[in-house]
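Asks: Structure provided below as structure tokens; questions to follow.
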Amino acid sequence: MSQTLLDNLNKKELTETSCTIEIQAAFILSSLATFFGGLIVLFIFRIALKISRNWKTVKGPRGILELFSSRRIEVNPLRKLYFHGVFRERIEMLLSAQTIVGQVLVILVFVLSIGSLVIYFINSMDPVRKCSSYEDKIVHVDLSFNAFFSFYFGLRFWAAEDKIKFWLEMNSIVDIFTIPPTFISYYLKSNWLGLRFLRALRLLELPKILQILQVIKTSNSVKLSKLMSIVISTWFTAAGFLHLVENSGDPWLNGRNSQTMSYFESIYLVTATMSTVGFGDVVAKTSLGRIFIVFFTLGSLILFANYIPEMVELFSTRKKYNKPYEAVKGKKFIVVCGNITIDSVTAFLRNFLHRKAGEINIEIVFLGEAPPSVELETLLKCHTSCTTFVCGTALKFEDLKRVAVENAEACLILANPFCSDLHDEDNSNIMRVLSIKNYYPQTRVIIQMLQSQNKVFLSRIPNWNWSAGDNIICFAELKLGFIAQGCLVPGLCTFLTTLFIEQNQKVFPKHPWQKHFLNGLKNKILTQRLSNDFVGMTFPQVSRLCFLKMHLMLIAIQHKPLFHNCCSLILNPSSQVRLNKDTLGFFIAESSKDVKRALFYCSNCHSDVCNPELIGKCGCKNRSRQQLVAPTIMVMQSSLNEFAPTAEIYTSISREQTSSVTILTTRNMPVDTADDSDMLDSSGMFHWCRSMPLDKVVLKRSDKATHEFQNHIVACVFGDAHSSLMGLRNFVMPLRASNYTRQELKDIVFIGSLEYFQREWRFLRNFPKIHIMPGSALYTGDLHAVNVEQCSMCVILATPYKALSSQLLVDTETIMATLNIQALRISCPMSGSSKKEVNTSPTFSKYEGKQRYQQIPILTELKNPSNIHFIEQMDGLDEAIKGTSLHLSTAFSTGTVFSGTFLDSLLATAFYNYHVLELLQMLVTGGINSQTEHCLVKEKLYEGNEGGATFLSGRTRCKLGLLSLDETILSDIKPKKTFGQLFCGSLDNLGILCVGLYRMMDEGEHNSERKRFVITRPANECHLLPSDLVFCAIPFSITCDKSESNASIQDQDTTTNVTSMSQGSNFQGAQSALNEHSLSPASAMGEKKSPQLLNSRVYPLNLFDASDIDPGK
């Protein structure tokens, strides 16, 4: 036994000999000589090549060939170059791992490099100052590895275009300092560790190898592998250098200060140094080692402080956000995907969670395509009880399965309104919808869209179902629709906006008008099923009862005709429409608790109740309609005595009719001649004209005398040839609603780049009375050319998205144009004006002895609401609430500014109550909502069909207007001291529904510009002022002017009709439109047809894809 052990020791001594300084120097110098020698040769070759090229330029292209080339090369000098190029190209393909052979070669080189590193680890167990004998078998294995590395090095050198750059690459340095010593060991018959630790740098190729093997596929895994390879290769290389110098000692001391340090101890020392801890149990004693530790500590501060935390974060994030969401039975949740950023999530949570304040019972699962940022992660932690984040995409079935879309209440898709390409953003969201519907067709989807022309693709998805709650929120359609209403009536844009925003900021009003405005902000659009005690009653009766007894303003109902499948939303229906069972009502009220009174109302229990707070659920179970309707009407008649005008007022405008179809008569309908016959689209809802070439509508500054516009609409657009289309068709459609006669339509004059309008024109060419002035709103000459001084409204549309360094600059052009237009004030002396001029100009000062002036009415769109302070400064009023948001600003209260940022809140509205969203779409788009679109697409009604009854009712939509108390038909309502008296009197006698006021800010002298502010749903006891203007829902057949002879000519101050509202049968009007050459058939009940309708013709117009319009028409 002892003899065997002695033999092994003797054998090990034979294979290990002491390495002298000369042997170590031979290994080191071989690498240095190869490196510097090769570098010098390459430099000399490059200099010689430059000299030869210069010589070739001087002596001609054949100068070098004549001196150095043989005759055979002269005969065919390009043949060798051709084969050289082909061979080089094949090598490049091989080394880039683009072929299977190349991939095998790259993987083989990496594996052999790791094998060589393992051999180094084995040899490092022996003392560094000992040399292994060549009889060791491991030495032969390492020699074969390095021989293959030499071959691979030669291929890389051959394929390199820049040889010097290749020579200085890290992989080349590793090969130069590890391959030559191996061949030196073969010559010296001994092997030394030397610089073979540099093979550890080959670990940097690990991410590339893993990608070739398809082990890692995601960006996070690639990033994690790169960080790990950098840290590990740095550890091993630094430990190898310390292992070498500490065991060898300083060269100038002949190794007298060396110490025995194993490779594991070297790794331990490097790790302690990298973490900047340093326990002191293992330290460097050599000068070289200590100098290296100093520089390595500085480098490790960067490496450890950045890479290690990032690796931990990637590893934890991948594990944290890749877990599937566990749906709990009985707990509701929704999935939100698309544009998941800190801004979009903040806006969504603010609006969505506010709807259920105090009782959040719906969990929100965010499906993001990238891990959340630090800010987003912090926000989610603040709502950790109701939010979950999962990394994935809605385009993959496995990710949809992880978030359990099949069990979700709905899937909401967020859009990015600030993206550079709106069309691509819509397309990506449409693909998400298609993926979700393919995965689980019954999933309810609510999607945000940026451009209205892309909505048609969603309706073509086979599993898209409007009736199941699928809905579209189109930013361009709603935003431009709001602005269009503000163009038709001052303040209406603000009035409609206040009904859909949430105001939580606590403010303290300084002026009386601010108190009225803030009280109006408390009101919202709410829905509630009406009590069955209202069955059989007319809408005016129910609305009056709700207003007086419950202090609720009922403005619309959802009605389903007997012979029609689509439910229609009807604003202020006529007395012909009677309520059915479980009718859905739309109210303007402050809280959902208040509108519950309309559900609990009982004619038996609450007929004598005067306090609306006492109306609650009663114990009545069996109710008879015959017993309940009569008492209800008696209550209303008894309450009428206080507000009813005299019997001889407006007896000819009675709303009591027996026909089930609205009949228009000549006594209250403006008359047009046959020469001015209207042409409508096939739905009967919009005015239409034959396709107009663009050059026919382009105006010239020199022709101003030929187009003296008055009472027109000026729209300033800042797009160019490369801007995203904003969809001006959505702006024009509400202004061309068919419930206006052709004479009532206002000219629309666009100012902007002609190149931009050339791209938009195919969507506008079939709308009448549109003009284009090439130019800019920043140039005063262009404004004067379109007679902006005489316009009824000048709207400044926001600039299409541009990539800017600051979001505060997105409204620069808009603000500058506003400043430019506001500077154009028209002043004139008071003495030469007539009373009629004063009455019809609300912006004129009425104080004698003072010079009066008129400011051009402006409506400015802001993309960034924080820029409102620029507009406030222009207004010149110091009455704004300081430090508040846009919706509390003076400019917003007066209706001169609009921002579409509040449209984000409609996503929550669409989920909780999509009926409110449908009402909003109907209000701002001229009568089109999702139900209308569904019927139009399903029945292809835009192709035109025969029959006239539905066409007649298609034009009888209600329209909002702004009426004066003195100069219109409201002047005969007696009494009208309070808003409650006006509401009941106008509803009973005229069928007009009053919903708000447009009041002077101050009757004092300092309000020289006669600015007005909006009051949404005034209180019943609110006292009226003689100067008040009233927002009203006016039936189509009612003439608002006090003089019927001037019914078609309405002054701006006295009567301003606005947006078209879907009157009871507007969906019926979309069902069967007349074809191009047909006339309206006679109505029933022996009524005479209106000449206006007799001369109206209908032409087909695709409401959803304007590009399909036949240009030949």
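Placed from the backbone N, Cα and C atoms, the Cβ positions cover glycine too.
Pasting the relevant annotations from Swiss-Prot:
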type: COMPBIAS; residues: 1047-1081; note: compositional bias 'Polar residues'
type: DOMAIN; residues: 331-473; note: domain 'RCK N-terminal 1'
type: DOMAIN; residues: 710-881; note: domain 'RCK N-terminal 2'
type: INTRAMEM; residues: 260-282; note: intramembrane segment
type: REGION; residues: 1047-1091; note: region 'Disordered'
type: TOPO_DOM; residues: 1-24; note: topological domain 'Extracellular'
type: TOPO_DOM; residues: 46-101; note: topological domain 'Cytoplasmic'
type: TOPO_DOM; residues: 123-137; note: topological domain 'Extracellular'
type: TOPO_DOM; residues: 159-165; note: topological domain 'Cytoplasmic'
type: TOPO_DOM; residues: 210-226; note: topological domain 'Cytoplasmic'
type: TOPO_DOM; residues: 248-259; note: topological domain 'Extracellular'
type: TOPO_DOM; residues: 283-290; note: topological domain 'Extracellular'
type: TOPO_DOM; residues: 312-1113; note: topological domain 'Cytoplasmic'
type: TRANSMEM; residues: 25-45; note: transmembrane segment
type: TRANSMEM; residues: 102-122; note: transmembrane segment
type: TRANSMEM; residues: 138-158; note: transmembrane segment
type: TRANSMEM; residues: 166-186; note: transmembrane segment
type: TRANSMEM; residues: 189-209; note: transmembrane segment
type: TRANSMEM; residues: 227-247; note: transmembrane segment
type: TRANSMEM; residues: 291-311; note: transmembrane segment
Asks: Which sequence-distant residues neighbour the transmembrane segment (166-186)? Criterion: at least 6 residues beyond either end, Cβ under 8 Å.
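Replies: For the transmembrane segment (166-186), the list is 26-28, 30-31, 34-35, 38-39, 42, 116, 134, 139, 142-143, 146, 149-150, 153, 156-157, 160, 192, 194-196, 198-199, 201-202, 204.
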Asks: Apart from its near flanks, which chain residues at least 6 from the ends of the transmembrane segment (102-122) lie with a Cβ under 8 angstroms of it?
Replies: 93-96, 138, 141-142, 145-146, 148-149, 152, 178, 193, 196-197, 199-200, 202-203, 205-206, 208-209, 212-213, 236, 240, 263
Asks: For the topological domain 'Extracellular' (1-24), would you mind checking the mean pLDDT of the predicted model?
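Replies: Across the topological domain 'Extracellular' (1-24), the average pLDDT comes out at 53.
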Asks: Mind checking which residues of the chain, 6+ beyond the ends of the topological domain 'Extracellular' (283-290), have their Cβ under 8 Å from one of its Cβ atoms?
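Replies: Non-local partners: 242, 245-246, 249-250, 257-259, 269.
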Asks: For the transmembrane segment (227-247), what are the same-chain contacts with Cβ under 8 Å, counting residues 6+ beyond its ends?
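Replies: Counting only partners 6 or more residues beyond its ends, the transmembrane segment (227-247) has Cβ contacts under 8 Å with 117, 120, 124, 127-129, 193-198, 200-207, 258-263, 266-267, 269-271, 274, 284-286, 288-289, 292-293, 296, 303, 307-308, 310-311, 314.
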Asks: Of the residues in the topological domain 'Extracellular' (283-290), how many are helix, strand and coil by DSSP?
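Replies: Split into helix, strand and coil, the topological domain 'Extracellular' (283-290) gives 4 helix, 0 strand, 4 coil.
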Asks: Sort the residues of the domain 'RCK N-terminal 1' (331-473) into helix, strand and coil with DSSP and give the three counts.
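Replies: Grouping H, G, I as helix and E, B as strand yields 57 helix, 31 strand, 55 coil.
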Asks: By Cβ distance under 8 Å, which residues at least 6 away from the ends of the transmembrane segment (291-311) in the same chain are close to it?
Replies: 224, 227-228, 230-231, 234, 238, 241-242, 245, 270, 273-276, 284
Asks: With Cβ-Cβ distances below 8 Å as the criterion, list the same-chain residues six or more beyond the ends of the topological domain 'Cytoplasmic' (159-165) that contact it, or say none.
Replies: 39, 42-43, 45-46, 88, 91-92, 95
